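Database features, via TrEMBL:
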{"type": "BINDING", "residues": "HIS126, ASP127, HIS130, GLU142", "note": "Zn(2+) binding site"}
Amino acid sequence: MIQGSRLRLKGWQQAAVALGSAVGALLDPRRADLIAALGETTGKPAFDRVLERMKKSPEGREILLERPRVISTKVGHAWDLPDNTFGAAYARFMGSRNFSPDDRPPVRFMETEELAYVAMRAREVHDFWHTLFGLPTNLIGETALKVIEFEQMLLPMCLMSVLGGTARFSDKQRSLFYQHYFPWALKAGARSTDLMCVYYEKHFHEDLEDVRRKWGIIPAPAPPRPNATIVVPL
């Protein structure tokens, strides 16, 4: 099932996997496999809606027809693009963190191949969104991106990740998040185009700022200086 084996679960099994994944991911947010399982077992209605939106979008239909994968053999050319391009920005994001596009866990709990692809696509474009919104991969950055992902896809896992992430914040981090990043993320997620209907790989060669404007992306504001007034972009 998208480079993995498909498991058909009964209702009680799905609930058990969801509960176990939620508890495990809360205890160790680095467990990408548990977060993936939580997203799949709680997200079928949301992925159904995303699939229908993609079918209504010309670019979304093209994605569903060609089923591009964000893996090193398909996106490696981004490392050779000019510095100002979206592809080069993505390559810098990945390279500076020693990330590999091949590290995403396979989809295992979707009922159809089509839904499995949509779930895999949502998983694989995550780092494109990090690049476009200019968010770091620390706890605050990941939690802010989950707010945007929830607005875009209405996945319960994203909401649970926000609640779990903020529960792990220190008092200072929580204050920074809710005063600075949360209002921005709400606005950024609502203003952006339907980001699941973007064929990102075909825009690698375009200027980063141009694609941000085209897709309605509001980059994350810089953290406020001490005693500075917080302003959310309009």
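Backbone N, Cα and C atoms are what each Cβ position is placed from, and that goes for glycine too.
Unlike curated records, TrEMBL annotations are generated automatically.
Bear in mind that the values here come from a model prediction, so they are computed numbers and not experimental data.
Projection of TrEMBL feature records onto the structure.
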residue: HIS126; record: Zn(2+) binding site; Cβ contacts under 8 Å, 6 or more apart: LEU145, GLU149
residue: ASP127; record: Zn(2+) binding site; Cβ contacts under 8 Å, 6 or more apart: VAL70, TYR90, PHE93, MET94, PHE99, PRO101
residue: HIS130; record: Zn(2+) binding site; Cβ contacts under 8 Å, 6 or more apart: PHE93, THR137, GLY141, LEU145
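Highlighted in sequence order, PHE128, TRP129, LEU135, THR137, LEU145 have their Cβ within 8 Å of the centre of the Cβ atoms of HIS126, ASP127, HIS130, GLU142, the residues recorded for Zn(2+), and are not part of that set. Note on GLU142 (Zn(2+) binding site): other Cβ atoms within 10 Å of its Cβ, all shown chains, come to 17.
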